[in-house]
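Note sheet for the following structure.
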Amino acid sequence: MLASSAVLRRQHFLIRSLGTHNNQNHTQRIRYIQTVTMVAEADAENILRRITPILDPNRHKGQAGKVAVVGGCREYTGAPYFAAISALKLGADLSHVFCTKDAAAVIKSYSPELIVHPVLEESYSVRDDEKRAVSTKVLAEVARWMERFDCLVVGPGLGRDPFLLDCVGEIMKLARRSNVPIVIDGDGLFLVTNSIDLVSGYHLAVLTPNVNEYKRLVQKMLGSEVNDQDASQQLLALARSIGGVTILRKGKSDMISDGYSVHTVSIFGSPRRCGGQGDILSGRCQCCAIFVLGPTIFNSSRGLNYQSI
């Protein structure tokens, strides 16, 4: 019941956002998106204008999207903030952060716009005989909110504490059972690389690896090194090997594949490569997921220039 209601809610939101009123128009709009995304470099602005929900005084809070970031620990508090706030800046109505207790107060101080849940725990704060009970409690707390979310970002500022990663793995399984799209970045990719079953075959998952994260995925899944001479075919093979997830390989030219086709985005952006850029991108990716990546046409967005948003 949870999964079906979540899917229905997102499908209805998608139809309202696109302004469709009958099946014929709905089909035409999907075909339009499929067509223009093939030339996303030239038409990125028009695509965004077309898919962004129109401001309407009759709508209520939350109808432009409710998102959540799972990440944030003692060492890393900026990353989940950047991911969560960038979704709000792009147009989402509500943005949640599920983080550790140590990170919560800091993240709250960055912005009153974020809804912060200090529910995650790290190994140092949990005795071995308490871990199962604490893990169950964490999952139950997140489950209370899951049906409300239109998309999750997993990984910004997550860290690599073993117990914390185990808990987040269970949260990802819950999101998958609920058919909630997941954008995976940062240490979420470290988790996925070592537990590929978390996303294998899940078409509502988007992986956003940088050069080192991509290298680890290629080594794990393809048993080879990164081949820049045949980058598109290798990316295609990687997406297929994981079961049709969408992979956004970040770099000088971003490459995007869902296992069926590959699109390159070479629009020039900032030459800086400072911390936080990937977190902003992951937050904006989940906002795009709200606007157009509903369960029915998730892969119709391939080629959309996320980094130019």
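Using N, Cα and C of the backbone, Cβ positions are placed for all residues, glycine too.
Quick look at what TrEMBL lists:
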{"type": "BINDING", "residues": "Gly157, Asn210, Val211, Asn212, Glu213, Tyr214, Lys215, Arg216, Asp279", "note": "(6S)-NADPHX binding site"}
{"type": "BINDING", "residues": "250-254, 269-278", "note": "ATP binding site"}
{"type": "DOMAIN", "residues": "44-309", "note": "domain 'YjeF C-terminal'"}
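For Lys250 (ATP binding site), the nearest of the binding-site residues Val211, Glu213, Lys215, Asp279 in terms of C-alpha separation is Val211. The closest partner of Asp254 (ATP binding site) among the binding-site residues, by CA position, is Val211; the full candidate set was Gly157, Val211, Asp279.
A count of other CB atoms within 10 A of each Cβ picks out Asp279 as the most crowded of the binding-site residues Glu213, Asp279. By neighbour count, meaning other C-beta atoms within 10 Å, the densest spot among the binding-site residues Lys215, Lys252 is Lys215. Ranking the binding-site residues Lys250, Arg272 by C-beta neighbours within 10 Å puts Lys250 at the top. Within the set of binding-site residues (Val211, Cys274), the lowest number of other Cβ atoms found within 10 Å of a Cβ is recorded at Cys274. The binding-site residues Gly157, Gly276, Gly278 differ in how many other CB atoms lie within 10 Å of their CB, and the one with the most is Gly157. The Cβ of Ser270 (ATP binding site) lies under 8 Å from the Cβ of Gln277, each of these being in the same chain and 6 or more residues away along the sequence. Binding of (6S)-NADPHX is attributed in the record to Gly157, Asn210, Val211, Asn212, Glu213, Tyr214, Lys215, Arg216, Asp279, and the widest Cα separation among these residues amounts to 20 Å. If you compare Cα positions, Lys252 (ATP binding site) sits closest to Val211 out of the binding-site residues Gly157, Val211, Glu213, Lys215, Asp279. Around the Cβ of Asp254 (ATP binding site), a 10 Å sphere holds 20 further Cβ atoms from the protein chains shown. When the binding-site residues Arg272, Cys274, Gly278 are ranked by how far their Cα is from the Cα of Glu213 ((6S)-NADPHX binding site), Gly278 comes first.
The CA atom of Arg272 (ATP binding site) is located 15 Å away from the CA atom of Val211 ((6S)-NADPHX binding site). Each residue contributes its Cα atom, and for Val211 ((6S)-NADPHX binding site) and Gly278 (ATP binding site) those atoms are 12 Å apart. Separating the Cα atoms of Gly276 (ATP binding site) and Gly157 ((6S)-NADPHX binding site) is a whole-number distance of 10 Å.
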